[in-house]
Structure formats: structure tokens, C-alpha cells
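Have a look at the structure below before the remarks.
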Ligand SMILES: Nc1nc2c(ncn2[C@@H]2O[C@H](COP(=O)(O)OP(=O)(O)O)[C@@H](O)[C@H]2O)c(=O)[nH]1
Ligand SMILES: [Mg+2]
């Protein structure tokens, strides 16, 4: 009897690790919805992309894990609504349009707000930055963006920045693999007594 | 929804409940606490459904959530979109709809909902549309427009219906109407659907979109009459729309070919195969004002047939319809009496009530007692709504059989003592007041009953009204002193509003009964110690006047209160006065009087809309009060003085033209402001500097023109012309030619941006319009016309009398309507209704001309070959008397 119960528990735990909830944020037009679309099955993909109003929930499988992604709208009017999902996400994907030099300062402001938010500040939640639209001629390199956004200052969370092209999928898989590994790790450390 | 609750319920409890309601002892805070579960991943659908059910249950029980609570709950709920459980998703839609009006930032679910409404899961689509419309505000409408249009013409009938009905709801939102108008083509397509509900809903939306365009509605109806629509619901709706047009035409005194066509159609529906349609047609015919005896007969026979039906709904519908028209067609209903007698003991109490009250309205004096006894046996069992029906019947009886007042009054006062809601109590009080006003013999007993009632009355509004009445009638009763005690008790026992009303009533006794003055002064001085400002102020005010020993002061400032001005306008006029140069004294006569409230309507007329039936009662504001707000934005408008009257809008273009223009005439003492409302219906044009050029009749002077800077496609904007009236009043009624002038810039239909900065001048002919005598007169309501008429027999008044033969009208009722319409006077003593079958009639009415001259009019009508009229006009101004009496000729 005792053995049976133990066995169940391991199974359960294993299942939970296979369900990941992530939050996709970033300014409007940075390519968030396109990125999610790339991860979905070929037949589930959408061909026309319209600006998101509010958010959309998308499901996809990657590395045998099922992801639930909350794809948020990046228009000014909705940015203050991101915070409603800060508390519950396992990881954050922050998408930046590398060709939009003008708005890099806006990105910086938004990132600052995110990092200072009470539901994020002290949490060890991994953040993946996509320096998207790397194919554009005037795109900034990921190194320049990292410097511009002062990413090295983030000290209590794992982070990573990847150049990507959401239209071809270049760079996306690498990024997601990194994120999955980090989320696993965070969850395991959480389970240790007295973190 | 009931289904969903059952479902979740069964799933979450393994054993059946041992009686009672499992949600009975729910507590808001603990349920909201539980709602945090929504944030957990993965989502536990079963558990969340149960919690959502609890939330919905609480909201439906009237529990109120604060903005923060609701917002938190709403956002927690948005997490549930990640679950693929279909039942949970549909519960989420319900939750969204309930919280949409309380929570903030609800538009966050827009994309999630548009995804569901266009997705593959049919289960989601219709409810997602409804939820979407509940969270969409006009600014967001553009973003979902494409989806809504698609869904309206969707092949799935549930989806199409949901989209149509939601559009209808949306279009009544402020600012959304113009967007929804653009969906007319899709609605038109849905009208051809095979599904009976879709067809009905499509008609509802189309009619709603065009409701302000009479010609377009007329065309729609004419077209559909020929099409033999499949949906009985749609046919019923069509009957209603058609009837509304017929009724309006009749009220305007016009009679068009299409009216005849509509009538034939309604008549043919009496032979329809659906009972619902047959009933609707019969109902329409008996309610139409223009129905003649010949048209009435077949409709009444149908209703008679339904009275004997085995279906309670049909019996109910038939007897209810007859009940409402009983007064108008006593002879037709008399033929019914046998059938009605048979329904007195109907097992359905509502049917029985209606049958008895119908009999009461039409029966003889001798039957009153028998019928009242019958009602008394079950009055306690029926709902308030039906008690009101009983009360209304009693009211008619009292007018008809004044001698029966004591039986009826006793019955009413017994009803007044029973439990009941405000509406019910109000109708009883109204009735008692009417009886008192109409029947001198009933006055003393009526007042006593009301006094007793206010000793224990929980409704402030009623107490205030009764106190006002006591103040008005009490001093002239046999023993005024006996009412003082009742009134003064209120000062001791009630809330501030009632106390203030009691103070005013006391003052009335002081002003009109010298014997009581001493007592009243003592009582009023006590009221000066009241803790409430208003009560103290009134006491002080009245004491000062009463102590002045000046009868004319007492008369003008206490006893006479006929001169009720519109308070909103008084406030505005006073403000303007204070902002002005202050070198003239304020003239109260310049403030418009309150428009007379229509005599207590028997029932609001069928509004053929499909929206909810519990429309909240809007506070009654006059057209003038609404317009003042708008007009105030015109610079310098204050100089024109107070607004006297605004006319209804008159169309100056045909429907479905490039530009639509209508005019509203705002009349001031010496000026008239013409407000032209323009709509540009061409999506590829932007109009600038839009104004109306007038061809002026003699005497009128243009004082100012305010063009409309920009007229974007689909938006309604206004341009104004301010005219000064001719010095000579008699030339003020005149015809104007009008042309719309503007600069056109071609633009991109999708963005609305002009292709280039260059535009070209263009103009568009408008129809001629008139400024009439009616535009310059505001209705008044005179309570006792005979007194006012006699009082107007002095030096200051002018009287003109003339005899006319009215060739264009054939009935007395038509003549009465024509006079009222031409002069816009307020009828008195219910003289606007001509009794059936009479050959003579006297119409009495009154109004105020711009500038303040009062007008009283008496028209004695005789029906011989055509109608002959002796018209007597009394006015405080010679010119006004002349223009009024010449307006009819
Ligand atoms: N050239 C280029 N265009 C991209 C890339 N990713 C997205 N886009 C385009 O950018 C636009 C905005 O993308 P969308 O996913 O809707 O942005 P979102 O507002 O962040 O969801 C779309 O027209 C995409 O086709 C990219 O990597 N390269
Ligand atoms: Mg997007």
C-alpha cells in the first residue's frame, strides 16, 4: 500500500513538470504572435496576423512538453494589463523588434517596470529575450540590445538573449530550449526545503 | 444556464443533496477567496466550474461586487481561457457578461473572444459573440466589426442570431449606433435565412438601424409584405412596425397609399396559419386609432374565439387586449360580455382579474357591487401588477358612476392598507386623488383615507404628494382644522423631505384659513428649530409672509402655484442672468413653463423592439432641457435669452441620398436657432466648411452662421443659423428655401484621409421648410380650464372669435387633431378625445407664445356635411391672438 502511494506521487510530479505556462510580452509589432504561431502545429497555424487586443491563449508542444502561452498585446493601452499574469507564469518571453531603434527606450522603460513589479522583483523566474527581426537590414545585434537595456544588471533571475527571425524560425528553438531547462531548474530548487 | 449549473452540480457532488438549496449559505468573501483557484496551473476544470457557478449565483441573487473585487475576479477568470474544457469555457462567457459592467479593463478578453467566435468549436461561437458585445465599447467596435459582419451572415443559425441580437444591443449604446448601421447589408442578407429566429432577429436589427428614417422603414415593410416571410415571429414584428407607421401617419394627419397596403396586410394576417400571428394582427387592429367599426368586427371575433380556447395563454392574451380597449369600444366589448362572465371564475387568476375589470369598465351601475365582491375574494392572491389593473378599473368606474364612490373608495382604502410595492400604492393614491378632483362629494372621505395612509407610509414620494394635496384641498374642506394634526404629525415623525413638505402644507392652511392662522404660526415657529436646513428655511419663509398680513403676498407666494416653471431652465436662466450685465430685472415670465406631462398613460404603447422588457424608467426630461445643454456650446447664445421651445427634427432630404440633413428649430423670444444635423453617407468624401444657405422670406434677418468645420463619413455633425424674427409677428410664419454648401475633398474610404489638400466647392439642394406658429408656441397644461377662461375676460386680454368650415377633415377627432397639431397647444380637461358617435364637441387648450404671451383657445365643433368650427382665442397679446386664429384658416 505504502509503496503504491509513493509510486503515484512520483508520477504526478513528473506530469506537472511537463506543463509549462509562459508569458509572451513586448511592444506591439515586435513579433510575439508570429513567434507563437511558429511553435504551433503546421495545421493550427494562422496565416494572417491581426494585432492582438488584450491577450490570446495558445497551446503548443515542444520537447515533449506542453506549453500554454499567454500572448499579450503590446499596444500602450494594454501594457499595464501584463501584470495580471506575472504571478502565475513559469517563465517570461520578452520580444524586442531589433530594427525598431526608435522605441528601444520604450522597451527599456517597460522592462524596468517589469523587473520592479512586486510579483516579479523577488521571484526567480527565467526571462528569455528574443532580439527579433534579425533579418532586417538595420537590425541591432543582440549584444548591442543587451547593452542598451542594461541586461547585465539583472542578478536574481536567469536570463538569455537570442537573435531570432520569427518568419523563418531561426533562433527560436534555441531560445525555447534554454527557457525549458531554466524553468526545470527553478522548479527543482523550489522543491528543496528552505530555498 | 440552468443546465450548466445542474451539470457542474452533479459532477461535483457524488450524493444527491438532502433537500434545500446547496448555495443557500454562500458568503461573498469566501467565494471570492475561492476564485483565486482560477490562477492555479494546470486548471482544475471541475472545481472552477463549481466556483463560477457560485459566483453567478451570488450575482443573480443581487449581491454587489465592488470594482476592485470584480476586477480581480475577472482577471483570475481570464486565466481559465487556457483550459480546453467546453463547459468551463461557456461558464467563463457567462462570468464575463456578468462582470463586464463592474470590472475594469474588460476589453482584455477581446482577442480571446474573437478567436472563439470565429474558431472551429461551434459550441463556443454564439456565446462568445454575446460575451464580446458585452465587453465592447464604441471605441473598440472598429476592431471587431469585421468579425461581427461575418457572423451575421454565418451559416450556423445560432451564430447568426447571436450576432444579430448582440448588434441590436450594441446599437443602443451611445456612439455605437453609427457603426452598427454599416452592418445593414449583412442584416439584409440574414433576412433571407431559412431559420425562423434568424429571420426575426434580422428584421429586428434592420428596423432598428433605420428607425429614424421613416421612408426607409416604409420601404422595408412594403417589400417584406410582398415576400411572404416564413418566420411567424418576423411576421408579428412586421405587423408591429407597420402599425407604428400607420399610427404615426394618423397622428400627423397624413394618409398614404402604403398605409392602406399595411392595413390590408394586417387584415390578411387574421387568416394566417399561426395563432401567434393571428393574435398579433387582431391586437394591432383593435389598438389602431384609425380602425373603423367595419375593420374592428373580424378582429374582435378572433379575440372572442380565443377567449374560449383551452390554452390559458390565448385566453389571457385575448382578454388582456379587450381589457385595454374596453373604454374605446364599449359596444364591441358588450358583445363579449357572455364570454367574459364565463372567465370570471377562470382557474388562472390573471385571466379572471382581467375579465372582471373589463366587465367593470363596460358594465352597468347595478353590476358594480357584484363584481367588486367577486374581486375581493381573490385580490390577495394576485400580483401587484394585476392589482394595478384592478385599481385602474376602479378609476374608470368612479368617473362613470360618481354615485358609487363610497363603495369604491372603501375598497381602495382597504387596498391601501394591504402590503404592496410603490407602483401599486402610487396607482391607488393617484386614483383617490383623481376621484377627489372629479367628485366633490368624495373629497372629504378621500382626504381622510389619505391622512390615515400617511400616518404609516414608508414611501417618501407618496407622503410628499399627499401632503401637497392636503395643503391644496384641506383649507377649503368643511373642517380644515382636522387635517392640521395629521400634517403636523409628519413634522414630528418623518424624514427631512417629508417634514419640508409638511411645512409647506401647514403654510397653505395659514394663508387660506384666518381662523387657523394663529395655530399655524405657532407650529411653524417650532419648525424653525428643525435640524434640517430646508425645513427651517421653508418655515422661516412662510412665517415671514404669513406675519406680513398682506393678502396679496400670501396669495402669490403661498396659495397660488399654478405657474410651475421648468426648474432646469429656471436654473439656467438665473445663471445667465447673473453672468449678464445685470442692468435689467429678472423676468420670470421668460422662463419656459414645464411642458405638461401627458395624462397618466394607460399603458406605454407597444414599442416594437426586441430588447429587454424591463426598460428602466428614464427620468422625464423635456426636449428643451436636453437641447439647452447642446445649444450652450454656441458662443453668445446666452444673449438670446431662455430657450422657449425646440421643434422635433424635420427631414430636408430623401432617405438614402448622398447627404442627409434634418433641421431642428429652437425658438427663443426674438430669435430662432436652426440646427441642421448633417450626415455624409459617402465614404470616399470628406466635407469641410459645411453650411446651409437660406432663401429668406421677408422680415427675417440672419444674425449669425456657424458652419461645421469637418464632416467625416458616417458621423452626424451640426451647423447652425441664427435668425431674428420679423418685428411684425404676423409674418413670422413663413417658408424657407435651403441649400447645403461645402468643400469636398476626395478621400481614401478605408482611412478617411483626404487624397490631397485641394478640395472643390459643391452644393446640394435641400427641401424647403417652414417656421410655423406651432414652432413658436409651448404647450401648457391648465388644470381647471373654466376658471382660467373666465379669468381671461379682463382688459388685459384680447378675444378673437371666428367661424370656419373645415373642408379637409371628415371627423371631429380629425379636426381636433389638426388643431392641436397646427398650434401645438396643450389640451385641457381631456377634450382632445372625441366621444364615439357624437356630432358636437368642444376642444379646450392652452399655451404660451414666445416672449410670454399666454394663449387660451376654445373650439366648438359641429359635424354636419364636413366640420364647422367656431374658434375663440384669448391672449394677452393682440398680434399673437391674430396669428393663432389665422393659423387654422
Ligand atoms: N522581417 C520580419 N518581420 C517579422 C518578424 N517577426 C514578425 N514580423 C512581422 O512583424 C509584424 C508584427 O508581428 P506580430 O506577431 O503581429 O507582432 P505582435 O504585435 O508582437 O504580436 C507582422 O507583420 C510580422 O509578419 C521577423 O523576424 N522579421
Ligand atoms: Mg500580437
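Yeah, the Cβs are placed from backbone N, Cα and C, and that goes for glycine too.
Together with A:26, A:27, A:28, A:29, A:30, A:31, A:32, A:33, A:132, A:133, A:134, A:135, the GTP site in TrEMBL holds one more listed residue from A:74, A:91, A:175, which is A:74.
Among the binding-site residues A:28, A:30, A:32, A:33, A:52, A:74, the residues whose Cβ sits under 6 Å from any atom of ligand 2 are A:32, A:33, A:52. A straight line from the CA of residue A:135 (GTP binding site) to the CA of residue A:33 (Mg(2+) binding site) spans 17 Å.
Long-range Cβ proximity for residue A:52 (Mg(2+) binding site), meaning a same-chain Cβ under 8 A and a gap of 6 or more residues, is found for A:32, A:33, A:71, A:72, A:73, A:74. Chain B comes close to A:52, taken from the binding-site residues A:26, A:28, A:52, A:74 by a C-beta to C-beta distance under 8 angstroms. Spanning the listed GTP site, residues A:26, A:27, A:28, A:29, A:30, A:31, A:32, A:33, A:74, A:132, A:133, A:134, A:135 have a farthest Cα to Cα distance of 21 Å. For residue A:135 (GTP binding site), the count of additional Cβ atoms within 10 Å of its Cβ stands at 15 [all protein chains shown].
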